[in-house]
Amino acid sequence: MSNQNSKKHLGHTARKRFGQNFLHDMNVIHNIVSAINPKNGQFLLEIGPGLGALTEPVAEQVDKLTVVELDRDLAERLRHHPFLNHKLTIIEQDALRFNFREYFESLELREGEGVRVFGNLPYNISTPLMFHLFKFHDLIQDMHFMLQKEVVKRLCAAPNSKAYGRLTIMAQYYCQVMPVLEVPPTAFKPAPKVDSAVVRLMPHKVLPHPVKDVYWLNRVTTQAFNQRRKTLRNALSTLFSPEQLEALSIDLNARAENLSIADYARLANWLYDNPPAVDNQKEIIDEDI
């Protein structure tokens with residue numbers, strides 16, 4: 001086994017069930033921290049600090065930093081880190097189940113202030129974790145995440161492209177999305193089998209296309225993109241009649257990727273006002289996109 005693919009880094013063995021790949025390329029680390037641009041006095045939260053590749057250089061620039069770490073061994077290492085321990089608040093918990101709203105509200109943020117979230121996210125939880133965080137968009141200033149490059153392409157996609165999908169719409173509904181930099185597998189130990197990229201998500205201060213209930217935005221995008229090869233006349237036939245779609249200015253021959261976020265918001269708001277008599281999807285919409 002080559003050193004690059006070794007699962008052991010700085011004395012810690014990467015755990016597959018936690019999706020651990022440890023960042024070690026100093027140039028990449030410098031570029032990510034520069035993009036985050038942490039300042040003293042800001043509320044900074046890192047998800048999945050791991051062995052501290054981002055934690056250490058960020059903590060050099062600030063006095064306080066909160067981290068959420070599920071791996072008990074890594075949390076213990078951070079508690080005994082000679083430089084970090086007095087600066088860190090360590091939350092040893094699964095970020096997917098953590099009540100971020102309760103924590104954010106405990107910070108007593110001032111008007112216009114928000115939490116700055118960042119992390120090298122385990123790729124096996126990155127999408128559901130972002131969906132979890134979108135629920136607290138009103139309390140977040142920005143987010144910087146290392147993700148699979150393919151996921152970043154989907155986050156940043158425009159209509160009429162193959163990458164455009166439900167993830168695109170839900171992310172851009174809540175946030176302005178900007179790619180920051182691409183990262184090769186060699187920047188990690190063990191090296192992942194895919195390319196990575198860093199993305200910046202900045203929650204809109206005012207939602208550009210607000211919906212009355214985000215459930216219906218989830219609902220209509222799930223149904224449309226689960227059948228993305230079908231025309232919308234057919235894909236959405238259990239939710240809308242052809243006449244209703246036309247009244248909402250939807251081309252019956254369009255496909256899911258042809259509609260804008262504004263189009264989907266219009267459909268979602270119509271469904272809120274005119275819900276189907278039977279909605280057998282209510283319990284099965286999830287975040288597997």
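Note: Cβ is positioned from N, Cα and C throughout, glycine not excepted.
Annotated S-adenosyl-L-methionine binding site per Swiss-Prot: ASN21, LEU23, GLY48, GLU69, ASP94, ASN120, in sequence order. Every protein chain shown contributes to the tally, and the Cβ of ASN21 (S-adenosyl-L-methionine binding site) ends up with 24 other Cβ atoms within 10 Å.
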Task = Using all protein chains in view, find how many other C-beta atoms are within 10 Å of the C-beta of GLY48 (S-adenosyl-L-methionine binding site).
result = 26
Key: ASN21 (S-adenosyl-L-methionine binding site) in three-state DSSP notation   = coil
